[in-house]
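Below is one structure, written out as structure tokens, with a few remarks after it.
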Amino acid sequence: MRFQSINEINLTSVWAQLHLHQRSTRHVEMRDLFEAESDRFLNFSIDLNGFLLDFSKNRITGRSLDLLVELSKVAGLSDWVEAARLGEQINTSEHRAVMHFALRASVDDVYSVDGQNVVPVVHRELRRCFDFSEKIRQKIWCGFNGSPIRDVVNIGIGGSDLGPRLAVQALHPYALSDIRVHFVSNLDGADLAQTLEGLDQATTLFIVSSKSFSTPETLDNAYAAKAWFLQKAQGSDVSKHFVAISSNVEAVKDFGIAPEQMFRFWDWVGGRYSVWSAIGLSVMIAIGERHFRAFLDGAREMDQHFFTAPHEKNIPVVMALLGVWYNTFYGAHTHAIMPYAHGLARLPAYLQQLDMESNGKRVGRFGEMLDFDTGPVVWGEVGVNSQHAFFQLLHQGTRLVPCDFILPLRSHYAIGQHHQQLVANCLAQTEALMRGKTDTEVLEELQAAGVTGELLDALLPQKVFPGNQPSNTIVIDELSPHFLGMLLAAYEHKVFVQGVIWGINSFDQWGVEYGKQLAKRIAPELASTKPPKHDSSTNALIERYRTRGCRS
């Protein structure tokens, strides 16, 4: 069943039952559930070939999960998944298919768009990318003076930056040591200028990533990079040092990049789902074909699990249902991401775009206003750094903050007992958030330490931890290309499932357009002497720039 109008999902019986169930169980303590259920971990965890989702530390019972699974069925999740697989235009506002999972398909898979199997063209483009990346890696592709490429600069923004940047950092142990990969996304000139410091035009390759090749931030940086390059090179040398990831052949040619040095992706691939495509060229150069294929294979394994596993044993579905439970029925409003792996430091930023650009919407897929809470604010920080930043709020604040902990069991860097201590910290935090520390337990600790009288009375409430903060723990064997692929694909599918339940089109992003329109209007006004015609605040800020800012 696919909903066609406003409020149908929240007028269903299961929606009402979930509200009643939340009210009747909201004071249940997770520590009590663990004490009462010796097999709670087994009942509330899913292991997929070394990828473990432990969701036992959540405010749920078996009844909670049953109701949430029923909600997914009533929302027509299976139908929507099948529609996506069949290439139907589930991106309803832009009338496009959504087929990013075809980017990691095997040669024998069949995924069709407009009646054509797209898998062969995907593999042909991948082959072109691999061949080019191997020329860079093997020092066959050289710069204008015959020197091999030593630095690769990826210029892009949003999905053309966040995914590749995350993957290159996460998979650093698998990368070549003699080719450095850099990323430029910010329109602040400091980003490009500081990246170019110490680079040599003769040994630098630029990858300009923009599907339309008209993204202002990307093109401004690309033309500035080209100007820097031409300080030491000739115009004819551009072809050796610039390649494009785009679908706009003419714009790429106008920039000076030959069509044979343009790698393409398709309108059925959204930017935030594109790291698996030619957008991942910088990743391919860093880690090579074998490891990039392992990255794709990991994602495909999660795809097949998502397509075939029953909802109650389906990792992305369960992750999504728990998010709906807290955001829509508990009013949590935020979701924290804590990867206990330095290589995943960029994961929170990547998931911010994936989740909030997809589901940060108040309008349903058919234009109706939604009157329930949808996508959360996603935020986070890496590992123990987060403990020394915001865990005070998680442990003793006033807000419910569901958390995801991501933990590799093995490290690529065996330095003393570092990794064992890291694992201990991660597991300790999940237990502490769940269990808390009661006033009775605190009292016993203080008395055992000899604290009495007024000091005891003052310290006692300060040292109580309410606990009952929900979390998922995602455990992977190691941070490898395969497991990274599984992890990112799991979150992709999670976001899709939530969009289906909330009645949202998760594959457009109209909210990013309005600010761009105003910026185009304001930019010439900054250099003008005419009075600006905005609100008083914006007018005053424009005038302040005119008098105190630097014109360029």
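Glycine residues also receive a Cβ, built from the backbone N, Cα and C atoms like all the rest.
The annotation active site, proton donor is assigned in Swiss-Prot to Glu357 on the grounds of sequence analysis. The Cβ of Glu357 (active site, proton donor) has 22 other Cβ atoms within 10 Å, all protein chains considered.
The active site annotation in Swiss-Prot covers His388 (among others). His388 (active site) falls outside any helix or strand according to DSSP and counts as coil. For His388 (active site), the Cβ neighbour count at a 10 Å cut-off comes to 9, with all displayed protein chains included.
For the recorded site, Lys516 (active site), the DSSP three-state label reads helix. Long-range Cβ contacts of Lys516 (active site) within its own chain (separation 6+, distance under 8 Å): Pro216. According to Swiss-Prot, the feature active site maps to Lys516 (among others).
The region 'Disordered' annotation in Swiss-Prot covers 525-552.
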Three-class DSSP secondary structure - Glu357 (active site, proton donor): helix
The region 'Disordered' (525-552) - residue tally per DSSP class, helix then strand then coil: 15 helix, 0 strand, 13 coil
